[in-house]
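Novice: According to TrEMBL, the region 'Disordered' annotation covers A:1-36. For A:1-21, the entry in TrEMBL reads compositional bias 'Basic and acidic residues'. Residues or ranges marked as transmembrane segment by TrEMBL: A:108-125, A:152-170, A:177-199, A:205-231, A:243-265, A:319-341.
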Amino acid sequence: QESESENKLDGETASDSESKSEFGGSPPVPTSDDTPEVLNRALSNLSSRWKNWWVRGILTLAMITFFFIIIYLGPMVLMTIVMCVQIKCFHEIITIGYNVYHSYDLPWFRTLSWYFLLCVNYFFYGETVTDYFFTLVQREEPLRILSKYHRFISFALYLTGFCMFVLSLVKKHYRLQFYMFGWTHVTLLIVVTQSHLIIHNLFEGMIWFIVPISCVICNDIMAYMFGFFFGRTPLIKLSPKKTWEGFIGGFFATVLFGLLLSYVMSGYRCFTCPVEFNNDTNSFTVDCEPSELFQLQEYNIPLVLQSVVGWKTVRMYPFQIHSIALSTFASLIGPFGGFFASGFKRAFKIKDFANTIPGHGGIMDRFDCQYLMATFVNVYIASFIRGPNPSKLIQQFLTLRPDQQLHIFNTLKAHLVDKGMLGTLEDA
Amino acid sequence: EVDLDERLVELDLRNDSDIPDIPPATDSTPEILKRALSGLSARWKNWWIRGILTLAMISGFFLIIYLGSFMLMLLVLSIQVKCYHEIITIGYRVYHSYDLPWFRSLSWYFLLCVNYFFYGETVADYFATFVQRREQLQFLIRYHRFISFALYLTGFCIFVLSLVKKHYRLQFYMFAWTHVTLLITVTQSHLVIQNLFEGMIWFLVPISSVICNDITAYIFGFFFGRTPLIKLSPKKTWEGFIGGFFSTVLFGFIFSYFLAQYQYFVCPVEYNSETNRFVTECEPSELFQMKKYFVPPLLQAVLGWETVNMYPFQMHSIALSTFASLIGPFGGFFASGFKRAFKIKDFADTIPGHGGIMDRFDCQYLMATFVHVYITSFIRGPNPSKLLKQLLILQPEQQLSVYKALKSHLIGKGVL
């Protein structure tokens, strides 16, 4: 049993020996071997250590290939995939809750959890979809009403679930029911909001979706490799297999990878243009005049690097500078998402979130580092890249009262005169 | 060293009845009241204490209203902090986690972060002209989301670094407890403040309706109560529920009629940058202008009038009172269930005879969100100051094109 534990090469999960000794009274979550038979047979000759390596390697390649395929298929498919991943993650975390509290038979609770997931998704999708599909929504009468009173309808749906929860409270089970209620809400907060931020990023331009996710994956792999070859100083007690050498090596490798990937992707419109819904063809289009971020510019290399690199200037996309910020976050703060998940698994004495992917664990195990990345990218875009949408502002303006409209108009006029954009008050 | 996580693993699987009770809280009734009422029997003494404190709270409420919106905002903030403190303290007592490293500091830090975020989003809009003048504030406003997120992340990373072996489960519980509490108390309180800025009437009528429903349901239950309403709260009765509903609707109707006449209550709160004060002066919107309504034939026979002069707002008040009477109590049942789940009698002992601040505000919990959603869905359009703020962030060329579009629209409408 001990030698088996050393073969586990996944640095993110608690070490086998520790978790097995801590199982104590609570029954461990069953860990059946999900590896497909064909792989089992092909690798039956190798020792278990190399077999594990091969299984992980093959599945990694399979996941990356799958990633490329869905990118090729376009934004709609990507959105659907994000939705499926979100549902699976939610399911995994809720199932852990049931196992922790042995509450699988609690009255109503499975139904209520899924109902709340539906409500929150309806709310978020309604808010996003209304913005992007504005003209489509305005045309169809039922959609228009749903969109106009969207918040009220979402709130009413949520309230129904809340009242059902209160009515379902059963004597002697109160504590458990409140725990599951809290567990559901925290899970929704983590899983559903992140997935919607990812979709917002996606609609900004596929590059804002692909580069962050790839940086996190690259950091995972690079930190592991650097740790494997050079690792000596442990990083944090939570994950004993992480090392400082892996951390720092992974950081530099990821920044470099981000720069290169951004360079390649910035050349293609299908990655850099915001996703728009074309009302005439009723499909998504990614076609536009690339913004300044994606136009090559000449940069002067700082003197320090000139001697190293040998060039005086370099042609780069401004987006590559932003990619440095994204990769830095992915390497320095992203791992905290992984540590959080490790701590969670140790707290609830589980080895993996689930057994969906052979050799890797559950979907959550793959996505724990992505957790913070999506929020960061979204906040980054909102703060430094995109400003508010002028046409949307004009739409909102038209719904105001005349006196409010006049007030805003006059303030804007004074502001523009101040800036010298308008000649004089009389000319305007 | 005690392995707290092991203990929790066993506790989590146990039935409610097996969980030990939290030691009862001490009696914090002031001495002076105790001496004044020492002659009466325990039952009447309790009645008197509750009564006096009720009157004290209501008077305090009127005083704050008189002092204005800014004081009200401060009051809401203090209540939010106190509610948060009460719920977190319960968490500590449930899990005996008072000595957990860092945790007390982290809880308060998260409260600060979330408040900073919300105040920056809402309040900054109202102080737009004040902010425009100062350079440092402009920077804070422009990158507000990024700064708030960075602050939150710092707390998150500190939490991860503070995880201690054998305490993992406990720490995760407290982390989740903190976040759910923030979700409940802080978001509600900010919605209350947004309602307040819409016009004091949107703050006063809902809160008073909930309080009225509390009191009238109790009184109807006391005199006519026979059929129990829900197992969670055995003292509630259907008679009280229905009687409370009708009284609250009537109360809301009459109260709105009085408040709708005064600009002080009806106008949105605005910040006057010249006088550096909040002002509530405006042309009352249509909601607060008397209209003639035709009484439906059914009621004509009862009332004897053919038409009646009412404010449109009174119609909305019916919706608000209905929610306060029918759904508001679910907030109270939720709090009762919570108290039973964790075997506590009251949230705290802040108010003698009544319990903690949370005990008074549990029914208000859902009301604030409902009023906010109601206003955004049925009453008001987008917020003008927020729109202005976004216009000023645009690039100069975009501003110019927007300016031209607005100008042609206003000329077309004949406003310019």
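Cβ from N, Cα, C; glycine included.
Curation plays no part in TrEMBL annotations; they are all automatic predictions.
What you are looking at is a predicted structure, and each value in this text was computed from that prediction instead of being measured.
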Novice: Considering only the recorded stretches A:108-125, A:152-170, A:177-199, A:243-265, state which has the highest number of Cβ pairs under 8 Å to the transmembrane segment (A:205-231).
Specialist: A:243-265
Novice: Please report, as numbers and ranges, the same-chain residues at least 6 past the borders of the transmembrane segment (A:152-170) whose CB is under 8 Å from any CB of it.
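Specialist: Beyond its ends, the transmembrane segment (A:152-170) has Cβ neighbours at 107-109, 112, 115-116, 119-120, 122-123, 126, 146, 177, 181.
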Novice: With a Cβ cut-off under 8 Å, give me the same-chain residues at least six positions beyond the ends of the transmembrane segment (A:108-125) that come close to it.
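Specialist: For the transmembrane segment (A:108-125), the sequence-distant neighbours (Cβ-Cβ under 8 Å, at least 6 residues beyond its ends) are 83, 86-87, 90, 94, 150-151, 154, 157-158, 161, 164-165, 168, 177, 180, 184-185, 188, 192-193, 196.
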Novice: For the transmembrane segment (A:177-199), give me same-chain residues lying six or more residues beyond its boundaries with a C-beta closer than 8 angstroms to one of its C-beta atoms, as numbers and ranges.
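Specialist: 79, 82-83, 85-86, 89-90, 93-94, 97-98, 101, 103, 106, 109, 112-113, 116-117, 120-121, 124-125, 128, 165, 168-170, 209, 370-371, 374-375, 377-378.
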